[in-house]
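These features come from Swiss-Prot:
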ACT_SITE  His450  active site, for 3-hydroxyacyl-CoA dehydrogenase activity
BINDING   Asp296, Asn500, Tyr660  substrate binding site
BINDING   Met324, Asp343, Val400, Val401, Glu402, Lys407, Ser429, Asn453  NAD(+) binding site
REGION    1-189  region 'Enoyl-CoA hydratase/isomerase'
REGION    311-726  region '3-hydroxyacyl-CoA dehydrogenase'
SITE      Glu119  site 'Important for catalytic activity'
SITE      Glu139  site 'Important for catalytic activity'
Amino acid sequence: MIYQGENLSVDYIENGIAHLVFNAAGSVNKLNIATLRSLGEAIDVLYKQKDLQALLLSSGKSAFIVGADITEFLGLFDTPEEELSDWLHQANVIFSRLEDLPVPTLSAITGFALGGGCECVLATDFRLADDTASIGLPETQLGIMPGWGGSVRLPRLIGADPAMEVITTGKPKRAKDALKIGMVDGIVSRETLIDASVSMLKQAIDGQLNWQQRREQKKAPIQLSPLEAAMSFNVAKGMIMKMAGKHYPAPLTAVKSIEQSANMHRDDALAIENKHFVALTRTDVAKSLVGIFLNDQLVKSKAKQAVKNSEPVKNAAVLGAGIMGGGIAYQSASKGVPVLMKDIAQASLDLGMNEASKLLNKQLERGRLSGLKMAQVLSSITPSLNYGGIETKDVIVEAVVENPTIKAAVLAEVENEVNEHAILASNTSTIPISLLAKSLKRPENFCGMHFFNPVHRMPLVEVIRGEKTSQQTIDRVVAYASQMGKTPIVVNDCPGFFVNRVLFPYFAGFSLLLRDGGNYQQIDKVMEKEFGWPMGPAYLLDVVGIDTAHHAQAVMAQGFPERMAKNGRDVIDAMFEDDRYGQKNGIGFYAYALDKKGKPKKNIDEKTNAIIATITDSTQPYTSEQISARMMIPMINEVIRCLDEGIIASPAEADMALVYGLGFPPFKGGVFRYLDSIGLDTYLDMAKEFEQLSPVYQVPDSIKQKAAAGECYYPAPKSSVSSPSV
């Protein structure tokens, strides 16, 4: 053994050929700070080996290296700028020393080689992959860019255009696609990967492969004429501004870094990369996107624990077909859980089956599943007008009309048909679960399972715990949601649960802003283009359905009369009274017509302003800042109240529910990350200006206390860098 560290070891595999194996104690290899330090030590040892003729890098895991340890990122981001830059430089010295070893080097890649793992293999002369390999630089998806030489070596290896596509999209390349663009030199089977790698290194040792030339290519300037450079970088910047927009600076920064260093040799180019990487770590966007990643890991770890605590769901049922029931049935069946879809009307069953068939056809057209698989999924959905076979089902999801009397009757009826261990779950958007449970003999076997529309696209499922719901029931339904490929978040019961409870104060802010003379088109534009929502409130109401919102608004007002009861007729009432329900009937705030692809396209409707005029006295100009504040303060206040009341368990789960359920701008990270970013005192000052408008603008005492104590909602990160040395 030449070197033995906690996460990697080096020994000779054959005479003169050293073998460095990444093999961390955990389930996967991560290029964390400890592993990086160990890699530096191993390379120091290799430089001292007099008989060294070649070096092979491989993994003792099914994946090569999944990337850097993202749990260390926020600490790195909090490190003083100069200290982080020094540390980054020292880290790059390690990869440059790997690249400069006086012998040929090769990486044998299995599974993922992402982020720092990709940057590590780029430092070697050759790369062989097995057919499971997936190689890429996903850093821009976290608001940063490659910082260990990825943006320097990749464009020199494969050319500027393909390198910029890999880096700016953040999407990994499968082995065959990586081979096409030159990221790897060959693909072999996993069984022969090491032998083939050793054989290739022997060819390099014998002079049959010019490893020195490959190496020098990565250390020299990018081979581009001035005209080629101008065209390449200008086109890339234009595409990025169109795709990523102004809210996500990392892709554009990466391109600018590559452009500025294009005519430089490696070490000078690395210094440019260092400067741009450090600048991105100072942005709130990077902290927000990394925060989302970490929050997602927390939510998924809770779901995994629930899966461990319960038996997998083998058979399920949906009560109520139509678009929603068909969507739920499709999602269950497509993930391998057969489902009985029951309705009292054949037309509804036909609609549900058509919805499932339509979604499967889209997958077939895109080449994502075969005709055989489509037939298998469809055949695992059983439409029925009766309860026959429901006694064998593990979980039954009720998805009938949003009416408490009807839902309670259906639930009581089906409880008599199922086995005593079966779980009943109601797909309701606003009705309290504890209210529906009153009709049941076994309320402990009942919970809420709130899907978002469209089911196949929206990742979130709210799992709602009623007063008498057992933990076993919660675990089983969380496990079922996970089986369906969804992200389940457990919330406690109240009207609207979490997502809809915080959405309707946002709509209240919109109604009040229109009452006070705001322009709905300007509000939509500000909330989309400036704040970053995928849809403004008027457009969102049209998509949700103004009739649906009108009904839900009444439920929320009944549940929280002190804040959500309306003081007179509002714009939702006015639209509802004029039979403007939104996309579903072609007219709401906007008018809708189907485009060439059959999707509803919104157009300005001249009558909308006349309807709004019936609930306001005059029009008033508002700044973007005023609009954002008046729209967001009611939602933020309600999110804080939900945390205070234990409706949602943590800031992390609240933020993920907002991002996955409502499309809260990811670059802002969720309400609590946003509050920490702007500062609680800043928020309190902003809210104070509007507190007389309505009770929804009055901030909870808890945030005042937190601000007075100088606290944040997320714990302050600890610096991951203790010294510049690695």
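Using N, Cα and C of the backbone, Cβ positions are placed for all residues, glycine too.
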*Which residue among the recorded positions Glu119, Glu402 has the fewest other Cβ atoms within 10 Å of its Cβ, if you could check?*
Glu402
_I'd like to confirm something. Which of the binding-site residues, Asp296, Asn500, Tyr660, has a Cα closest to the Cα of Glu402 (NAD(+) binding site)?_
Asn500
*Looking only at C-alpha atoms, tell me how far Tyr660 (substrate binding site) is from Asp343 (NAD(+) binding site), rounded to the nearest Å.*
29
*Please work out which residue of Met324, Val400, Val401 has the most C-beta neighbours within 10 angstroms of its C-beta, and give that one of the binding-site residues.*
Val400
_Where Glu119 (site 'Important for catalytic activity') sits in the secondary structure, as DSSP reduces it to three classes_ = helix
*Non-local Cβ contacts of Asn453 (NAD(+) binding site) (under 8 Å, 6 or more apart, same chain)?*
Ile323, Met324, Gly327
*Take every residue in the region '3-hydroxyacyl-CoA dehydrogenase' (311-726), average their pLDDT values, and give the whole-number result.*
95
_Over all pairs within Met324, Asp343, Val400, Val401, Glu402, Lys407, Ser429, Asn453, the annotated NAD(+) binders, what is the largest Cα to Cα distance, rounded to whole Å?_
20
*Helix, strand or coil at Glu139 (site 'Important for catalytic activity') [DSSP, three-state]*: helix
_Which binding-site residues are spatial neighbours of Asn500 (substrate binding site) here, meaning Cα within 10 Å, out of Val400, Lys407, Ser429?_
Ser429
*List only the single closest residue to Glu119 (site 'Important for catalytic activity'), chosen from the binding-site residues Val401, Lys407, Ser429 by CA-CA distance.*
Ser429
*Listed recorded positions are Glu139, Asp296, Asp343, Lys407, Ser429; which of them have CA atoms within 10 A of the CA of His450 (active site, for 3-hydroxyacyl-CoA dehydrogenase activity)?*
Ser429
*Round to a whole number and give the Cα-to-Cα distance in Å for the pair Asp296 (substrate binding site) and Asp343 (NAD(+) binding site).*
36
*asked:* So, three-state DSSP: helix, strand or coil for Asp343 (NAD(+) binding site)?
replied: coil
*Between the recorded positions Glu139, Asp296, Asp343, where is the Cβ count within 10 Å the lowest?*
Asp296
